[in-house]
Amino acid sequence: MDGFAGSLDDSISAASTSDVQDRLSALESRVQQQEDEITVLKAALADVLRRLAISEDHVASVKKSMPSKGQPSLREAISMSCITNGSGISRKQNHTSSVSIARKETLSSAAKSGTEKKKEKPQGQREKKEDSHSNDQSPQIRASPSPQPSSQPLQINRQTPESKSSAPIKSIKRPPTAEKSHNSWENSDDSRNKLMKTVSTSKLISKVIKNADKHKDVIVNQAKMSTREKNSQEGEYIKMFMRGRPITMFIPSDVDNYDDIRTELPPEKLKLEWVYGYRGKDCRANVYLLPTGEIVYFIASVVVLFNYEERTQRHYLGHTDCVRCLAVHPDKIRIATGQIAGVDKDGRPLQPHVRVWDSVSLTTLHVIGLGTFERGVGCLDFSKADSGVHLCVIDDSNEHMLTVWDWQKKSKIAEIKTTNEVVLAVEFHPTDANTIITCGKSHIFFWTWSGNSLTRKQGIFGKYEKPKFVQCLAFLGNGDVLTGDSGGVMLIWSKTMVEPPPGKGPKGVYQINRQIKAHDGSVFTLCQMRNGMLLTGGGKDRKIILWDHDLNLEREIEVPDQYGTIRAVAEGRAEQFLVGTSRNFILRGTFNDGFQIEVQGHRDELWGLATHPFKDLLLTCAQDRQVCMWNSVEHRLEWTRLVDEPGHCADFHPSGTVVAIGTHSGRWFVLDAETRDLVSIHTDGNEQLSVMRYSVDGTLLAVGSHDNFIYLYTVLENGRKYSRYGKCTGHSSYITHLDWSPDNKHIMSNSGDYEILYWDIENGCKLIRNRSDCKDIDWTTYTCVLGFQVFGVWPEGSDGTDINALVRSHNRRVIAVADDFCKVHLFQYPCSKAKAPSHKYSAHSSHVTNVSFTHNDSHLISTGGKDMSIIQWKLVEKLPVPQNEVITDASVTKTPASSSETARPSNSPPLPPSLPLTGTAEEESRMGSSPTLVENSLEQIAEPSEEQSEWGSEDLGVVIDEEPASELSETQGATELPEEERGITPLC
């Protein structure tokens, strides 16, 4: 204890009453001494407040006498707000006296008052207008930042000028304990210094805030920011807050006045051009051939119409989340697609629904089921006997509600609970308009529909083995029902017209009259062909079998193992047929010639993306261990290679000859970009590698890891030889992004705890303590999500994980951002104002994991995480069109077109924009937007105008912190699925 020399034996102390009394006396003396110190402290504090008031009065008078924008008051008031977070400094200008509150090495540093001499201003540091003005009456104000410790990347040290009479005091870094012992109480100035280090800042803050009330009109725009993201400016830096943590970003020297910076919408926009991939992993019966020669299927929230002969795609873009099922109208033109529930950009739920749309014009005809379905739409079917007037739907609720709709009137006719077990299919009988059949786990139900009532009759298996799953339905020419089950058996159900014995059930019950062993493993899909023959697809055996009119096996063919098991079979042109597989392939084949791949994609979560430095190529890698090279002009796969580890990140060498791929285990591979041969393999740590980045000349490679280190390698022979150069150590969390300087001497990096650190690579990969030294570096690439040039892309109230990737275009005009809310954003570059506006686009149905521009900035590539999609966007520019130009749609209100889009750099004619739907319900109006033509962009019609940011309304106080809805399981009781379905988890 203080006040005692040495230590006392506990037994003697306890036994001696006199020692206890001595201790109490010493404690009383110390308490009295501390009370005296507090009294002196209060006096010093009063003096500090008096000096602050005088300084503010002087600044106010200077403001009135000079034609300025109130910069001194703005900086002064915001600096005070920085003190409240323990991370700022106060800078005053006074010809009589001034107070400097300077940062030390800890966040709770105190301030020194009044006697320090002015410091020399470092070369390149900018002077303020008010500084030069006050120089007429007082010494020139100068500032000198001091180095920062790596463990406190958000701290800023700044020395401020004092009066002419102040004595020189050196700025020396020392531990707080040493500094405390160095100070003395011999004079009033030193006494105040000591007291300012021990005083609680809360009372000072309250006084400072009161004194700053006069500046409320100046800082109102800053004050409206939420406490979770509050920008503050003092001289040379901007500070934003994320989850309560301050992030400091130094302003480049070429910014003369931060208040003059304006961030607007970029003239460039995005138009969806191509979608790579297909969702077959956890869906069924979702591939069909239309009379237009197009294959219709879906992935993410996009329904794709692909003409495999002309190699063109069109896209229906009306859905707001995962599309889960698809049905084609008997006229083969109209299509119904169902989606799951989702959330909008503000976290509000988007209800599951069915959209009926025209496959020729891509216009939405009707939106059905808003507020009716729960979780999602599992399966649906158009009626056939009455030419498709009605639509039946099974939702994903626990009761799996069956509803029948007059879809043209959007009216629900009948509704009933089916079962708590999984329902896999629903179909109208093709000749009996009043019969609906559902099947699923251990059941098949025959429903009689009459008016607004539905009556259920359960199929009885009797002497036949009851299957675990009845997986699919089809109808024979005589009206019999054909089912395929998990045992590989086809059952024929015939409707008996014999009057049953009393009490044995009603007339017209479906009974089994024949059983056929069709496949080893499950019968996954049935397809009735136009000529009356039947195609079946097996699960485990991967066979496509053709059956004649009497259900005798005629021909068969096996799908190669690398494509996976069969999920969908559809009739194609002539003798062709289409097959969708569990590994997300769509194959076109015949029994004579075998199979040809038409569509393919990744089959597990996708993160890695890199674009070629000078060719129209892009590379992706995913958790499925596939590395794929795509041609962005011909829209096809160049090559694919299976590696030993799940891939997570990638980057091309500037020569374009090799590409580096980082994996989840710390290993990284270098592959030849032409031959896909393995060039090199290395290991750095045993955790996930999050970023690979070559320097601009390709002589160095930086590898960012989840073990908090950045590993540096020298690169020789155009990327074919690597040797360890060094390691950057200093981050307190995993590396997320990094960028190189043009001279290869510096790296900027971000980490999982929102650090922005800079590294001196030339001098041994050392951490640069004085981060302001790097504020003027023009980075070769910009992929870091935190930095002065890009911090405006962050939403208010962000938890720091909302943005997964960011990339600046090569021409430095725009920034593309991938977020956790299924959106791709396009911002202007630089983006240095909070809540900057952006163009926003929807097509993904999962978190968008990565974005990258092609080498000539003609296209942007985005990747979806769990939706496994790769989407190629074309950059276009807006051009005005006549105000009286309108587009007519059966369900769209005539609206003057405000703009059109033409491709940049081509000179194609203007394209008509998409138009909003008319509707009575607000929810339906919001969700009813759909594309009119394929050329339309994906911007949501019912979202706020682009003059407002995606992240909120014009009210800066809005905080958006809701999380997206949790993913829904496709089935309950997945553990009981057939063998070929086990382990398959639904994507949404």
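Even glycines carry a Cβ here, placed using N, Cα and C.
In Swiss-Prot this protein carries:
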- 1-260: region 'Microtubule-binding' (REGION)
- S7: phosphoserine (MOD_RES)
- S13: phosphoserine (MOD_RES)
- S61: phosphoserine (MOD_RES)
- S79: phosphoserine (MOD_RES)
- T96: phosphothreonine (MOD_RES)
- 106-194: region 'Disordered' (REGION)
- S134: phosphoserine (MOD_RES)
- S144: phosphoserine (MOD_RES)
- S146: phosphoserine (MOD_RES)
- S171: phosphoserine (MOD_RES)
- S200: phosphoserine (MOD_RES)
- T201: phosphothreonine (MOD_RES)
- T248: phosphothreonine (MOD_RES)
- 270-308: repeat 'WD 1' (REPEAT)
- 312-359: repeat 'WD 2' (REPEAT)
- 367-407: repeat 'WD 3' (REPEAT)
- 414-449: repeat 'WD 4' (REPEAT)
- 511-549: repeat 'WD 6' (REPEAT)
- 554-590: repeat 'WD 7' (REPEAT)
- 593-632: repeat 'WD 8' (REPEAT)
- T620: phosphothreonine (MOD_RES)
- 636-673: repeat 'WD 9' (REPEAT)
- 679-715: repeat 'WD 10' (REPEAT)
- 722-761: repeat 'WD 11' (REPEAT)
- 771-829: repeat 'WD 12' (REPEAT)
- 836-875: repeat 'WD 13' (REPEAT)
- 887-988: region 'Disordered' (REGION)
- S906: phosphoserine (MOD_RES)
- S908: phosphoserine (MOD_RES)
- S914: phosphoserine (MOD_RES)
| message | Within the same chain, where does the repeat 'WD 8' (593-632) have neighbours whose Cβ lies under 8 angstroms from its own Cβ atoms, ignoring anything closer than 6 residues to its ends? I mean 6 or more beyond. | response | 274, 276-278, 281, 295, 297, 299, 306, 308, 557, 559-560, 563-564, 578-579, 582-587, 638-652, 654-656, 659, 661-662, 664, 671, 673, 676, 849-855, 859, 861, 863-866, 868-870, 872
| query | Using Cα coordinates, what distance in whole Å links T620 (phosphothreonine) and T248 (phosphothreonine)? | reply | 34
| query | Cβ under 8 Å to the repeat 'WD 10' (679-715), counting only same-chain residues 6 or more beyond its ends: which ones? | reply | 648-655, 658, 660-672, 721-729, 731-740, 742, 744, 747, 749, 751, 759, 761, 765, 780-781, 783
| said: Please tell me whether the repeat 'WD 7' (554-590) and the repeat 'WD 12' (771-829) touch - that is, whether there are at least 3 C-beta pairs under 8 Å between them, with each pair 6 or more apart in sequence. | reply: no
| If you average pLDDT over the repeat 'WD 2' (312-359), what do you get? | 93
| query | Residues sitting near the repeat 'WD 1' (270-308): Cβ under 8 Å, six or more positions beyond its termini, same chain? | reply | 314-317, 319-326, 328, 332-333, 335, 337, 339, 359-360, 379, 424-425, 471-472, 524-525, 564, 567-573, 578-586, 588, 598-603, 630, 632, 635, 822, 824, 826, 839, 841-846, 859-860, 864, 867-876, 901, 903, 935-938, 970, 984-987
| remark: For the repeat 'WD 11' (722-761), the distant same-chain contacts (Cβ-Cβ under 8 Å, at least six residues beyond its ends) come to 150-151, 153-154, 242-243, 245, 247-249, 670, 680, 682, 687-688, 690-691, 693-697, 699-702, 704-716, 767-768, 771, 773-774, 777-787, 800, 805-806
| task | Within 10 Å of each Cβ, count the other Cβ atoms and name the one among the modified residues T248, T620 with the highest count. | result | T620
| query | What three-state secondary structure does DSSP assign to T248 (phosphothreonine)? | reply | strand
| message | Three or more CB pairs closer than 8 Å, sequence separation of 6 or more: does that hold for the repeat 'WD 12' (771-829) against the repeat 'WD 2' (312-359)? | response | yes
| Which sequence positions outside the repeat 'WD 6' (511-549), separated from its termini by at least 6 residues, show Cβ-Cβ distances below 8 Å to it? | 284-285, 459-462, 464, 469, 471-477, 480, 482, 484-494, 496, 555-561, 563-571, 577, 579, 589, 591, 978-981
| said: Same chain only, please: residues at least 6 beyond the ends of the repeat 'WD 9' (636-673) with a C-beta under 8 Å from a C-beta of the stretch. Say none if there are none. | reply: 597, 600, 604, 607-615, 617, 619-630, 679-694, 696-698, 701, 703, 705, 707, 715, 718-720, 722
| query | For the repeat 'WD 13' (836-875), what are the DSSP-based totals of helix, strand and coil residues? | reply | 0 helix, 22 strand, 18 coil
| said: When secondary structure is assigned with DSSP, how many helix, strand and coil residues does the repeat 'WD 2' (312-359) contain? | reply: 0 helix, 27 strand, 21 coil
